[in-house]
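Read through the structure below, which is laid out as structure tokens, and then see the notes.
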Amino acid sequence: MAAPDLAHGGHVSRDSVCLHEEQTQAAGMVAGWLINCYQDAVTFDDVAVDFTQEEWTLLDPSQRDLYRDVMLENYENLASVEWRLKTKGPALRQDRSWFRASNETQTARSHNGGQLCDRTQCGEAFSEHSGLSTHVRTQNTGDSCVSNHYERDFFIPCQKTLFKIGEQFSVLGQCGKAFSSTPNVVSQQACTRDRSLDYSSCGEVFLNQSYLQARAGSHNGEETWKWKPCGKALTHSMGCATPVEMHAVRNPHVCRECGKAFRYTAYLTGRVQVHPGEKPCELEECGKASPVSSSLTQHVRIHAAEKPCECKECGKAFTGLSGLSKHVQTDPGQKPYECKDCGKACGGFYLLNEHGKTHTREKPFACVVCGKYFRNSSCLNNHVRIHTGIKPYTCSYCGKAFTVRCGLTRHVRTHTGEKPYTCKDCGKAFCTSSGLTEHVRTHTGEKPYECKDCGKSFTVSSSLTEHARIHTGEKPYECKQCGKAFTGRSGLTKHMRTHTGEKPYECKDCGKAYNRVYLLNEHVKTHTEEKPFICTVCRKSFRNSSCLNKHIQIHTGIKPYECKDCGKTFTVSSSLTEHIRTHTGEKPYECKVCGKAFTTSSHLIVHIRTHTGEKPYICKECGKAFASSSHLIEHRRTHTGEKPYICNECGKAFRASSHLHKHGRIHTGQKPYKCKECGKAYNRFYLLKEHLKTYTEEQVFVCKDCGKSFKNSSCLNHHTQIHTDEKPF
């Protein structure tokens, strides 16, 4: 099928898209890479994609044909670039007939009367590799052209094996002699001489005497020719032309807009179209435009729902061969690369290398802005966008932008509800693979990330990173509103909701909203009255594990949190924090209605209900409502008669701990409430308030019978008995 004509601003339909675009893009990338790396010796093994025998069987005939075409074109690009790097200027300007530039080529053609490459299947011969490549593509050979030789390596699928990925040799059609590099295929000297030229210093084998001499010079430190502009030293005169050609004509096509140089005019054309915003390649279905046609290939298949590459194991289909290759490597049953340190199996060699860096902690890529190090260049590129503020990936649903594509992918699933990753143990689904991985560890108990300071282990690396900041004291996430700092980004996000008033977690039963998910979970249990956590000592049940842990400390008597000011101990850290505020006088929670401040957020919440009149806690026995759950609990004991708080001095029992605390002052003689005017002290706060009225002469309690006024209600009640002749005592 012919490639779609996109070079002149034409529209593209689904029927006009073919796999040739993918082939062209891959070949162009290889050619560009080879040119940039011209200084080093490049072999076909550096750019070839290798398949194992098992992976090859998963490909259907059309996928094998595509693979064959791409590899042949890569091979052609490799041969062309390598030869041009080693010939002089005039040869570079010749078209694709670079074989004719060498006398050795003419001698090589003497094998078959001027025909270098032989097509054994049909008998047709060609003088150039490009001619053979084109001919191979025009033949509808199907599976018959696939070599069945699967020894140590995989042969490129072609009726006449041209090269082998592992040892990488070319076959000269007439004599069948194998060579280690493409230019040497055309060397008559190589055809008549065995591979016996080796250099004893390093043991390398060469096909050409000049290559051997050049290698020997590199060992001896010879630098006979030196190129002045770049200072590159060369050991033989033939190579001296190479830097000249590379500096002068390696990238002859220069963009006038930005000055960037390109090897080929096609690359320059694509670059020029980017600057003025020209996008001649436009799609009929959605109007998506791109400066180059190859950019639309993958996108077109989205509209066409075309996924020609299908995995034979699980049936999953992909738009391109590269997607299938990655899938085959990441398939759970196909993880041939095992880590020698921990035994973990990876689906690809690249993944194994990345995993290996977690053991060595190797981070060779540094940010020039902040100096932070990363394991690979892609992570560094993503990080740099934090400094530049670039967010190229935008959500089509809500317009939110992201710095990385995976961030957008995860976000889109919040709109679609897609959760493609399912736990095989419990069936729970997740929108990200990392979420599933973390969840699976709850079943296995695996905690691979261990703190070197205290030995505590974690299921995810981010938790370890946050924990490590406890030891270092680092708090990099700071609130711009109040300056409060946090060890993790999630802590800052939750804190910001106290400023914005955002409450994203809403109860489906009553509509009440919360700013923390755990608060919503706690609230939901008030509807279900679920208390799944039971104390093994007294069988008391609780809504969550934290409440149970606090309760257990009543039985054990453990109070690990001690106040440095007064020595008082507490069972939980939050109680110590609240207690410290009694010494400092800090009251950070202020009522916006009346301005009254409180030491704890729970006290503020209860206070606000005095303004709103809200009483969400209702007694099922009598229907009485309360503003706080603790008041409801105390009230229920009036029905049950329960008095769990007993005085150790006199044995008196009370329904609430606060009542016991106040009663205890009778035995200790403690009087914490002191008058500032006269210094008189009281053990109850209401008694101090009554005393203060003697200074203000406030008399608000008036007798209805005689009009006499009193300072407090108890005095009025005592006076009322005079009018009723009541004598209760």
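Glycine residues also receive a Cβ, built from the backbone N, Cα and C atoms like all the rest.
Annotated domain 'KRAB' per Swiss-Prot: 42-110, in sequence order.
For 253-275 (among others), the entry in Swiss-Prot reads zinc finger.
Per-residue pLDDT, averaged over the zinc finger (279-303), rounds to 50. Look at Swiss-Prot and you will find 279-303 (among others) tagged as zinc finger, backed by sequence analysis.
According to Swiss-Prot, the feature zinc finger maps to 365-387 (among others).
If you look up Swiss-Prot, you'll see 393-415 (among others) marked as zinc finger, on the strength of sequence analysis. Residues 382, 385-386, 431-432 of the same chain lie 6 or more positions beyond the ends of the zinc finger (393-415) yet place their CB under 8 Å from a CB of it.
Swiss-Prot lists 421-443 (among others) with the feature zinc finger, giving sequence analysis as the kind of evidence.
Sequence-distant contacts of the zinc finger (449-471), counting only residues of its own chain at least 6 positions beyond either end whose CB sits under 8 Å from a CB of the stretch, comprise 434, 438, 441-442, 487-488. Among the features that Swiss-Prot reports, zinc finger is placed at 449-471 (among others).
Taking H, G and I as helix, E and B as strand and the rest as coil, DSSP gives the zinc finger (477-499) the counts 11 helix, 4 strand, 8 coil. Swiss-Prot lists 477-499 (among others) with the feature zinc finger, giving sequence analysis as the kind of evidence.
Annotation source Swiss-Prot lists zinc finger at 505-527 (among others). With a threshold of 8 Å between CB atoms, the same-chain residues lying at least 6 positions outside the zinc finger (505-527) that come near it are 494, 497-498, 543-544.
The annotation zinc finger is assigned in Swiss-Prot to 589-611 (among others). Panel annotation: around the zinc finger (589-611), residues 578, 581-582, 627-628 of the same chain, lying at least six beyond its termini, place a Cβ under 8 Å from a Cβ of the stretch.
Per Swiss-Prot, zinc finger is recorded for 617-639 (among others), and the stated evidence type is sequence analysis.
As annotated by Swiss-Prot, zinc finger applies to 645-667 (among others).
Summarising the annotation, Swiss-Prot assigns zinc finger to 673-695 (among others) and lists sequence analysis as the type of evidence. Tertiary neighbourhood of the zinc finger (673-695): same-chain residues 662, 665-666, 711-712, selected by CB-CB distance under 8 Å and a gap of 6+ residues from either end.
Residue counts for the zinc finger (673-695) by DSSP state, with H, G and I taken as helix and E and B as strand, are 11 helix, 4 strand, 8 coil.
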